Amino acid sequence: MDAIEAARQQAAKLHQAACARGSDTSALLSFVTGEAERRGIDVYPLAQGDPQLNGGRALYDSQAGMILFEDVGSDFDKAFLIAHEIGHVELEGATQDDLTEEIDPDRSAEAPAVGAERVVDYGSHERREIIMDLFARELLLPRRVARRWHIDEQLSSEAIADRLQAPLSVVQQQLLDALLLPPITTPLTESSATAVGLDDSQHNAALHRGSAFQLQAGPGTGKTRTLVHRIESLLEEGVDPGAILVLTFSNKAAGELRQRIAAKFPEAVATLWLGTFHSFGLDIVHRFHDRLGLSENPRVISRYEAIELLEDEIARLPLKHFRNLYDPTLDLGDMLSAISRAKDEVVNVTECRALAEAMLEASRELPPGDDAEKQRERAEKCLDVAELYQVYETMLQRTDSVDFGDLVSLPVRLVESEPEVQQLLASRHKHIMVDEYQDVNRASVRLIKAIAGEGKRLWVVGDSRQSIYRFRGASSINMKRFIEDFPGAQVAGLDINYRSSSEIVDLYRHFSTGMKATEGALPLQLHAHHGSMGKRPEFRVATTPDDEIAVLAAAIMEKKSQGVEYKDQAILCTSNNRLSEIAASLEVLGLPVFYLGSLFEREEIKDLLSLLSLVTDRRATGLVRAATLPGYAVRLEHITALQQHLREADPDPLGWGALVDEVPGLDEQARENLKRLSAVFVDVPTNANPWPVLASLVIDRLGWAKQAAMANDLQGQMKGIALWQLLNFARNSINSSGLPIDRLLSRIRRIVLLSEDREMRQLPQASHSINGVRLMTIHASKGLEFKVVHLPGMIATGLPGSNRPPRCVPPDGLIDGTEGLTGLEAIKAGHEEEEECKFFVATSRAQNELLLYASSVQNDGKNRSRSKYIDRIASVIQQQNNPARLSLNPVEPEILSLDEEALLISEKQLSLYDRCPRRFLYTHALTLAGKRTESAFMQMHSAVYDVLDWLGQRHSESTPSAGELEAQFTQSWLNRGPVDHGYAEDYRRIGERLVQYLIETRQGRQLVKPEVLQVSFPEGEISVLPDEMTLDADGKYSIRRIKSGKKGSDEFDRIEYTLLLEAAERQFGHGTRVEAVHLAGETQEQVTVTDRKKSSRLSKAQSAMGAIAQGHFPAKPENRTCPRCPSFFICGKVPAGKICIKK
């Protein structure tokens, strides 16, 4: 239970006591006024701006024993101000004055897991005000009361708001907390390392004085307890709390430290500086903004926000390798990651470009060959990054913005270049402590050095063997270089492990002897406080990956039968994909799983977002998923009939409800359910903000919040938590063009595409009391401990995982401490070290038992090797080759019913089926248009394809004149292009060049009118229509496929090219050529397919035709494709019924 929850529970108790005394708690202003008077506090309203308010909205004067508040707004506003001040009195004591400048009655109890909020922490004052806001809301409307009124008395959120005369948003937020999150009933429990007093090694480390000090703290040795004791000892010695600076790497860690210190020194917590490196850097930026050329409060932007700003610039940049002229999101994301890496090393644009140019020059001196070519390409990619870096920095300056990397690199440059700033910071922050020092990057070290000077009052704690954040620029080398960075520093370790049994300690201690991260560290000589458990860690070998889950499930049940609760068992994996597979199988087996997974892939979230999309989608694509919901079920053939009618009628968004009676072929049940669904959206405007619509849907219009609150099973509870997480995410909107709901949906697509949604897998604190098996990545397990740890995937390709360098490898010489290595070599060396650290972290989470698993056979029957890490610990584990397993019933594939009609589809459609059968279903079988916001690049390509269609219809056998082509391009541009865009002319020039290149490829060729070709299979016909055809000088035909983008690396492996070739040869004979023309890449190539590949792909095509005929349309999830799919939000469930596939 954290400070916020404790405050809310205290407020709820006060409300309950008032009810017991017979107070009318629904008359909010008189209620809180009475509560103040009961405490001997007078309450006085004052005019807005009254000098007695000292510029605030309310204050508590301890000497006078009174609360003053501005007499402005509704009675709720006034009551909230008074309740806020009562919170200060109740939680901080009646002797401390307070001034409240702002309130936020409907704020969330937790910051969203994505965006700037997840990195930037609040200062002590801001955190106090957050606590008091939530205290005030709970005092006015406790969650238990809101829950009772909504469930037992069946009051809607609007009815509750009317009863209390409170804002609807405040009531809805309180209802969401009350209904979607489980109540918190357990107090905060200490970890095993803090459950006992200080040992000698901890005591000595905490009391070190006189020189820089590095504490090397192995797993479970009580590093946080030691750090807290050091802070307490300084305060006990009379050190000014304002002179203490404590830096952490997560808001969670900062919160835990703050809470522990507050237990003994509540007043000091408000004065000392305790928070993350990014928060500290932002504080410096705010204080010295004028010296950085920024406003007092610059905007902190996330990566996806930066991409939104940059995608309009990329059309104008002379990029060579990252010039994606369709959807540059991923390229921009990769380049921004490279820029962030440069900022981690405090390398600016000029320095970055110089390193890239040096690489390019060095490549010219290499002998001709593959090595020289690869080096040249890497250098050119680095130059592309430098090009974007320059534009990005200009954009940040223009928009008064900073990114996460700036929050540390800008203060570093400032303190290193301006002695006055350095002296101010050094004189203020005299005692500096750093937690998790193994995770600092070079920018962080330079910032510490600049402020700490010789470091005589610097104290850091870390463990180089637990350095697992290389992707953030962290490096254990900073642990090794501590003595170099701070000459005269002393290093010591902690001796006792309070977490694990001696058998588990022996395992990871044994493994650590061969770790790269151990080099330069003190030997890991730990004594296990709990001694032996009499059980060596086990290695259980399964057959297939599915069998590994069956073995894992049996082990979980075995441990449960031995008295280990589900919540005390954890499954740790290296990838979220494997976690999702395991979670799904365990749920089928009936095991309670505490795992959220990918939020936007959850069924209830897709259901809700599909419904939300109906508010702005003229084609109402979301109906195909909404028709699967209980109470609104409509057969598939009726949905397709409605969709056909909407294409013809073209109504406004949500206009489909008024057209239900006009659609032929619907039965009465379908009409009734569609009208009921339409009624859900009564009075919802198209330009509505997403959060109020979502809150209204979840609480009142659909009743899902009530269902979650009354759920008796863990899966039902997890649905509620997922809905809460989505609502919390949707609170923060981004100002941009377009409808707010469309902006939210586009933002979700981009977040998923960039994998920025990973942080949203972290569950709200309120959910942690749920009794379910914990599933998480090894990274997420850092700092946690469990009685039993299950570690599957111990195969050669699992852990250690394969090295996959980033697309933008850092230039040679950028990463500090990697002298003599190329950027690629530095990445590889860092990866190998980090994989060892991940295994070390995973094994050291276990308290009593550790079980490792591996499959010995791949799904295709080939043998699979175990991880080499198993060989390194073989002497300290026991192996089971035939472990117990539960029976996993195979999931029956979904079969859709098709009308009995011969198949006739195009090669493009079959190619789409090959890539994703589910997308084929939505796009071609159900002919759903889908809806996604088109970027300027997409609009430009739409205009180009419009010209290509005109060429195919009017000039398939001839080339138009320059005037005709210009006129048609102008018309297509006006109809489809980004004409209102700020860089419209740049996009137009690109589009014109694409068309011009196509015209150039026609020169000297004899164009002939394309004709439909066919490839016949027993299951049906595949029709092939070439984009263009030519009759060449040798009398052979060339079949041309034209695409506006660049050629993909696997382009000619796609089945459509084989079908083109097969159809052409059947029609025109052997020797007919197939050409692929890619306009953006300006390439024109003849497609060649070997006989073996051709035979294989034709067989694959026939199998696909058979699968379509049988109604098989499984999804093929792909991280880089799904978020771009028009059917992204509806993908999954479809209604019962029949479909008819026509060309």
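Positions of Cβ are set from backbone N, Cα and C atoms, glycine also.
As recorded in TrEMBL:
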type	residues	note
DOMAIN	196-501	domain 'UvrD-like helicase ATP-binding'
BINDING	Ala217, Gly218, Pro219, Gly220, Thr221, Gly222, Lys223, Thr224	ATP binding site
DOMAIN	505-783	domain 'UvrD-like helicase C-terminal'
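Sequence features, as recorded in TrEMBL, placed on the structure.
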residue : record           : Cβ contacts under 8 Å, 6 or more apart
Ala217  : ATP binding site : Lys223, Thr226, Val461, Gly462, Asp463, Gly493, Leu494
Gly218  : ATP binding site : Asp463, Arg465, Gly493, Leu494, Asn497, Leu524, Leu526, Ser844
Pro219  : ATP binding site : Asp463, Gln466, Asn497, Arg499, Ser500, Tyr508, Phe840, Val841, Ser844, Arg845
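Residue environment of Gly222 (ATP binding site) contains 27 other Cβ atoms, counted within 10 Å of its Cβ in all protein chains. In the structure as shown, the Cβ atom of Thr224 (ATP binding site) sits within 10 Å of 22 other Cβ atoms. With respect to Cβ neighbours within 10 Å, the binding-site residues Gly220, Thr221, Lys223 differ, and Lys223 shows the lowest count. Mean pLDDT for the domain 'UvrD-like helicase C-terminal' (505-783) in the predicted structure: 92.
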